[in-house]
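Quick look at what TrEMBL annotates:
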type	residues	note
DOMAIN	69-512	domain 'Amidase'
ACT_SITE	LYS131	active site, charge relay system
ACT_SITE	SER206	active site, charge relay system
ACT_SITE	SER230	active site, acyl-ester intermediate
Amino acid sequence: MALTRFERFVVWVLRGAGGMLFAVFQLLAPRRGSERSARRLPPITNPLLRVPAMQLARMIRRREVTSVEVVQAYIDRIQEINPLINAMVKDRFPSALQEAAQVDKLIEEETGGEDVLEDRLPLLGVPFTVKEAFTLQGMPNSTGLVTRRGVISATDAPPVALLKRAGAIPLGVTNCSELCMWLESHNHLYGITNNPYDLERIPGGSSGGEGSILGGAGSVIGVGSDVGGSIRIPAFFNGVFGHKPTSGKMHCVVSNVGQFPPATGQQPGFLCTGPMCRYAQDLVPMLRVMGGHQTDRLSLLSEVDLKSLRFFSVAHDGGSLLVSPVDRQLVLAQRRVVERLEADLGVEVQQLKLPQLKYSFQIWSAMMGAPGKDGKQPTSFAELMADHGTKVWPLWEMAKWTVGLSKHTMAAIGLALVEMFQRSHPTEFIIQQKESLQRDLEELLGTDGVLLYPSHPQLAPKHHHPLFTPFNFSYTGVFNILGLPVTQCPLGLSTEGLPLGLQLVVGKQQDRLSLATAVYLEKAFGGWREPGTTTIEAT
C-alpha cells in the first residue's frame, strides 16, 4: 500500500525542512555541547553498585551489608553523576536513609530467620527509582508539564506500592518526555536528560530518566511504562534490560493506575507498566512483585528449557519509507545472537520476513487514535497539554516556540499539530494488516516461540535528532498494539561505545520465555557494561 498524501507530506517536511528547523532549535535552545563532550561519567568506585538487586537483598538479610550502606552508596553515585545526566528530577534521600535505618533495625530484631524475611519482604532494603509519570507519595507528578509544577502525589501508584511493600526503598523520581509521548526525555520543567554513554546523545523516552539513571549505575532497579516502546527504547539506548509484559484489557499483568496522563479510548489495552534493571536476574522477581497475584498465570517460576524452544529472527520491518534502515552494527549484533544460539543450544534459528511489519507505524497510530467501546475518541494531545486549563492552540504554540515563549517542547507541539490533521478511524486496510500480523505471530510463536527483532533501527541518536525520524519507534510500538510480551536485552557496545541490543518477542502470557532467554543472553554477551568501558567492535 502506498503512503497516504498526508504521510508523504510529513516525510517531505521532515527531510526537506529538517535542517532549517534544527538550526532554529539550536539557536533557541541553551547549548552546553562543548562542556558535555569534554566530560564523562566518573568510574564506579563502590563495589555495591555492581551487585544485582536480589543479591543485595540477600546480603542485607544476612547482615553482610546494611541497607544504610547500600542506600548511601546509591545516593553518593546519583549526586556524582546527576549533574551530568539530569536523570533524577526530585530525590527523597533523607527519607530513604531513615527507611534504610528502619530496615536494618528490623533485621536485627527479626527472630524468624532469613527465610521468613525473604518470603515476606523479597526486596528488603534495596533502593529503586520511579519514572515521574507515576505517583510516589510526596514526590511531584507533573509528567514534564509546566502547568502541573505544583502537583505532589498523595498516594503511591499500585506497582510502586507493591515494591515498597516488598521492602524496596524509593530514592526519587526520574525525568520523562512531556506527557510521555516522545523519544527524547525533555521538557520545560526539568530540562533535558543525557545518555550516560555519550552526553551528547538521548537516553530515549518516555522513561528516559529511568534508563539514564540505571545505565549510569545510579540505580539498580526502576519502574517504567510503555505504550509505544517507552520502556524498551530507553533500556536499549542505555544498555539495560526492560520488559513490556503481556498487555490487553483482559491480560494486563501490572496495574497502570496512578499514571499521568491516563490512557483513554483503546489505549488502556496498549499501555504497560513494567520493570527496568541492569541485571537480567532481577526481571522476574521485580515483575512478580509489581504484578502481585496477576503474575500467577504467567508461571514465572516454571523452569524454561531453552533447547526446547523455537527461535526466529526478523532483521528489519521490510523497508518502510517512514523508518530509518537498521544500523549495520545492530544487524551484525543480531546475527551474532543467532550464531550463538545455534552453537550453544543446538537449535536452528529460522530467518523470517513478516511483510505486515512494514505498516507498523500506521497500525500503531491508527489504533492509538481509535475510539473505545463506548464510541468516544481518546483525549487529544492538545487537551492533555492544557490539563483542564486554558485551551492549547498548536499553531499559536508553534509561533510562540519560534520566539522562545512556549511552555511546551517542539516535540509536543508537533504531535498536537499532526493530530489536528490525522485524527480518524483506522482504515480497513490497516485493520487487515493488524489482524493478519496478529494471527501470523500468535500462530508462529505459540507457547514455545521466541522472535528476535531490532529494538530500534538506530543507535542512540544525538539530542533533538528524533525530530526528523519520528516514526522509528514503530519497531517497538507495534507490539503494544498486538499485546505481546517483549524483553529488551543489551548486547555489548558499538565501536562508538554505545549500547547494542535487541527485542525478544514471545506469545501472550509466555513472558517467562523471553525473560529466561534474557538471562542466557546476559551470560553470553556480558549484559550491562559500565559507561566508558572498552568497546566491542561490530565486525
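For all residues, glycine too, the Cβ spot is worked out from N, Cα and C.
Remark: of the active-site residues SER206, SER230, the most isolated position is SER206 (fewest other Cβ atoms within 10 Å of its Cβ). A gap of 11 Å separates the Cα atoms of SER230 (active site, acyl-ester intermediate) and LYS131 (active site, charge relay system). Geometry remark: SER206 (active site, charge relay system) versus LYS131 (active site, charge relay system), CA distance 9 Å. Sequence-distant contacts of LYS131 (active site, charge relay system), defined by Cβ-Cβ distance under 8 angstroms and a gap of at least six in the same chain, are VAL173, THR174, CYS176, SER206, SER207, GLY209, GLU210, GLY222, VAL223, GLY224, SER225. Confidence over the domain 'Amidase' (69-512), given as mean pLDDT on the 0 to 100 scale, stands at 96.
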